[in-house]
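Trainee: Can you keep this structure in mind? I'll have questions shortly.
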Protein chains: 2
Amino acid sequence: MKVLHKSKWADLLAVASFFALFLTFGTASADALQKEAQSLFKPIPAKAPAIKGNPATPEKVELGKMLFFEPRISKSGFISCNSCHNVGMGGVDYQPTSTGHGWKQGPRNAPTVLNSVFNVAQFWDGRAKDLAEQAKGPVQAGVEMNNTPANVVITLKSMPEYVDLFKKSFPGEKDPVTFDNMAKAIEVFEATLITPDSKFDQYLKGNTKALTKVESEGLKLFIDNGCAGCHSGVNVGGDDYYTMGVVERPADSIMKGDKGRFAVTNAKADEFSFKSPTLRNIELTGPYFHSGSVYSLKEAISIMNVAQLGSKLSTTDIEKVEAFLKTLTGKQPKVVYPILPAPTDLTLKPALD
Amino acid sequence: MKVLHKSKWADLLAVASFFALFLTFGTASADALQKEAQSLFKPIPAKAPAIKGNPATPEKVELGKMLFFEPRISKSGFISCNSCHNVGMGGVDYQPTSTGHGWKQGPRNAPTVLNSVFNVAQFWDGRAKDLAEQAKGPVQAGVEMNNTPANVVITLKSMPEYVDLFKKSFPGEKDPVTFDNMAKAIEVFEATLITPDSKFDQYLKGNTKALTKVESEGLKLFIDNGCAGCHSGVNVGGDDYYTMGVVERPADSIMKGDKGRFAVTNAKADEFSFKSPTLRNIELTGPYFHSGSVYSLKEAISIMNVAQLGSKLSTTDIEKVEAFLKTLTGKQPKVVYPILPAPTDLTLKPALD
């Protein structure tokens, strides 16, 4: 396996020894594949994980949900978090890169909000350490919501129902309606957007029958070929940064001149390095790559195989890997649409310019 | 009362006689006000009304909900019905006129979808006879979703889950995935978006204590001043067309040169005539008028009073009418966000141009 990031070498050697063992004995039983999978991946838990330093309460989760769906935190009054991280569409927006303020397009494909709480950091380049920090980005980005923290606070403070909910969500704080607390509330809501009980998770939990023959063959290819080198853990990805194009850099149409994490660290080694995206719910989250330039999952598998692993899977193998990846679709979150507060005369009006 | 449309004269004369009776005897008890209100208005029913020729089934309502939230029926893949008729924001979008494809602005303020099933017809000029006909408009409008029926059908047919749901929703039809059936499904879902149990409806149903003193004084002013001449029935409006500015045409900034229903009928009498909007949930549905040019409810009341009735309410009276209007906020619909189908390679890609 030709893989991809120094911090991973120990793991990879372990995996390699494991396979060497198989080769020695010449068998790889279904049971062994399951054990191997259990050592590489973890199921999505049934409940939202706790956030360090930001305890969830029912009030805070509800407030976070309202803010997630609140278009009035955008300058135009037209764009909410859910516009691009649509909870009914795998947590994404089906756009190559998101449409934002002024009909502008963002620089990178919107990553899914689903299970994002399990990522090592947020954004393709990991520039936000957690979901609270992430939430503050799009609200201010010129090509997204194009708003200012000050104006967000004016708008939120203009509606008594929000003031009351911030008080309840951040008890003991003198001035709870802040931009930071907005982000913290959104974070605890987003932590609830997890998708347990996929077929693959049932398999990981011990149900050997959860995958069909083709799906488990796809899983085996996924592991044997080295895909799991970058896509492992609870999110089947999302846990570290890897060079895009270790073996062969994908076409410019896919890269879009984006140097990824280099912009954050300025380290030569991070040029063209990106956080590996989660493959959870991957059938729902196209188009793929940071550029969002590929809509076909099969094509994405094929491109990654050449770019990262230097192998060329047959069409049948690609179909098997795709079949496996579709077992990563979990139970989608049940979200009751929040009823947002009535505006007042102090609520800022939409500005489209 | 100087009101406004010939078809209403009979009703108005009845109302006038009623008041004459009061004047004769010099008393207007709380009980009489309630009876008067009961003769002019009807409460929102607890359940969605049946649509003639378009029976609701659970499958069809669910399909309609999915389509209502489906941005992929827009050319950009970014705009859904809910973008402008936000079920969490009183069924509207807080924009003077809606933002659509290419960041263009529509010509008129988005009317609320809530309780719209009770309107005599749809759009400000009533050019759609029902919600199914209405639903086909924005999907095709260049400044809204900018799509074509043919492309909508291609996209819907590309997703097996939709094909299956259309089959179940329109049993016995040979080719159920059609643009017309999309609209019919949306119609039955929209019929569920009703807001019963407002304070005013509790009052109409017999609870004399449901309104405070100020609110019932506001109701009395609303009736006595003639507001109920155009805003009566179950929707407190929405039942007929009336000239905007019978007494005095509002400023150009409010009219925006819009001749309303004249564009539909070409009848001189319909110049500057519009469907009276429902006042249900009015505190949630600003900005007001077909132009969406006024955000303050108090200001809207004041403008209408001068334009339609030629009277000039005192600030205190306007506050009373506003207090009454806020009792029209009903129980907002509980909508579980639909999980939309995974796209396939045949699903049309977003086109932003």
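Even glycines carry a Cβ here, placed using N, Cα and C.
Whatever TrEMBL says is automated annotation, not expert-curated.
Small disclaimer: the values here were computed from a predicted structure and weren't measured.
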Trainee: Do you know which of A:Met89, A:Met145, A:Met304 TrEMBL groups with A:Cys227, A:Cys230, A:His231 in the heme c 2 site?
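Mentor: So, going by the record in TrEMBL, that would be A:Met304.
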Trainee: Restricting to the chain of A:Met304 (heme c 2 binding site) and a gap of 6 or more, list residues whose Cβ falls under 8 Å of its Cβ, or answer none.
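Mentor: Non-local contacts for A:Met304 (heme c 2 binding site): A:Cys227.
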Trainee: Against chain B, with Cβ pairs under 8 Å, which of the binding-site residues A:Cys84, A:Cys227, A:Cys230 show up? Give them in sequence order, please.
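Mentor: From A:Cys84, A:Cys227, A:Cys230, none lies near chain B.
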Trainee: Would you mind pulling the DSSP three-state label for A:Cys84 (heme c 1 binding site)?
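Mentor: Assignment for A:Cys84 (heme c 1 binding site) reads helix.
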Trainee: Which Cβ among the binding-site residues (A:His101, A:His231) has the fewest C-beta neighbours inside 10 Å?
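Mentor: Minimum Cβ neighbour count within 10 Å, taken over the binding-site residues A:His101, A:His231, occurs at A:His101.
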Trainee: Compare the Cα of A:His231 (heme c 2 binding site) against each of the binding-site residues A:Cys81, A:Cys84, A:His85 and report the nearest.
Mentor: A:His85
Trainee: Any idea what the model's mean pLDDT is for the domain 'Cytochrome c' (A:213-329)?
Mentor: 95
Trainee: What whole-number value in Å do you get for the largest C-alpha pair distance within A:Cys81, A:Cys84, A:His85, A:His101, the residues recorded as binding heme c 1?
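Mentor: Answer in Å: the longest Cα-Cα distance is 15.
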Trainee: Taking only the Cα atoms, work out how far A:Cys81 (heme c 1 binding site) lies from A:Cys230 (heme c 2 binding site), in Å, as a whole number.
Mentor: 28
Trainee: Round to a whole number and give the Cα-to-Cα distance in Å for the pair A:His101 (heme c 1 binding site) and A:Cys230 (heme c 2 binding site).
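Mentor: Cα-Cα, rounded: 34 Å.
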